[in-house]
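Beneath this line is the structure, given in structure tokens, with notes to follow.
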Amino acid sequence: MLRKRVEIGPVESGLWNAVETDGAAHLTLIDPASQDPERAVQMARSAADAGTTALMVGGSVGATGSALDRTVRAIKDSVDLPVILFPSSAAGLCDNADAVFFMSLLNSRSTSYLIENQALGAPIVSRYGIEAIPMGYIVVEPGGTVGWVGDAKLVPRRKPDIAAAYALAGRYLGMRLIYLEAGSGAESPVPTSMVSAVRDAIGDTLLVVGGGIRDAEAARKLVSAGADLIVTGTGVEESGDVFRFVKDIVTAIHV
């Protein structure tokens, strides 16, 4: 008897559709620990108006509990875009999001970030009925807070083959998205040579790139190198005009 194939949920399908339609897509990352829900809603509205495809909510430190729940709830009540959780641990889950990037930090030295938090979180995700999107997460130098918190063996910036090997392992493990992360607030993004190497290794798996993306030109170069989804968080928070910042990136990456 043939077993039923795994079905892709509506949020993940929406990401695929956006990439297929426009060549690439933008995701806005909002950290509940960085601002109150009211400010988060303002950022989300501006990003939505500018053409971001979905809103990620999470962070390396403090994105848990009531701050997370209130932020997700406020955004859901105000913005008609999918809200995807971006948890650093099982504590970064709540029941009012649309989906979760269910990820393993592939180059972590700690089993906590490779599989233990995932085992703790899986029953919660199932009980909440949140769409789980399987993702391999790879942290590249300098790594920022997430590299330290996640005890990552950082991929050297001049070693694209190492990133490609981790990414290919993620693909073979069944992860449908691979995320290259330079770290929140990094001075520069993941090198384009590394993005290209990973793109070649993982075929049609969705490739996400985040960290250190501070302007539209940087985003455009990453997409030209092979990125499908561009994530900005710190850049959005620090921009004086969220709409303009996101709009410039969205315009630059659409082909």
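Here the Cβ of each residue, glycine as well, is placed from N, Cα and C on the backbone.
Annotation source Swiss-Prot lists Mg(2+) binding site at ASP31, SER60. Swiss-Prot lists TYR179, LEU180, GLU181, ALA182, GLY183, SER184, GLY185, GLY211, GLY212, GLY233, THR234 with the feature sn-glycerol 1-phosphate binding site.
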Task: Have a look at the binding-site residues (GLY183, GLY185, GLY212) and report the one with the fewest Cβ neighbours inside 10 Å.
output: GLY185
Query: When you measure from the Cβ of ASP31 (Mg(2+) binding site), how many other Cβ atoms are you left with inside 10 Å?
result: 24
- request: Filter the binding-site residues TYR179, GLY183, THR234 down to the ones within 10 angstroms of ASP31 (Mg(2+) binding site), Cα to Cα, kept in sequence order.
  value: THR234
- prompt: Which of the three DSSP-derived classes (helix, strand, coil) applies to GLU181 (sn-glycerol 1-phosphate binding site)?
  reply: strand
- prompt: Which residues does SER60 (Mg(2+) binding site) neighbour through Cβ under 8 Å, counting only same-chain ones at least six apart?
  reply: SER88, GLY144, THR145, VAL146, VAL149, GLY150, SER184
Neighbourhood of GLU181 (sn-glycerol 1-phosphate binding site) by C-beta distance under 8 A, where only residues 6 or more apart in the same chain count: TYR137, ILE138, VAL139, VAL140, GLY143, VAL146, VAL190, GLY210, GLY211
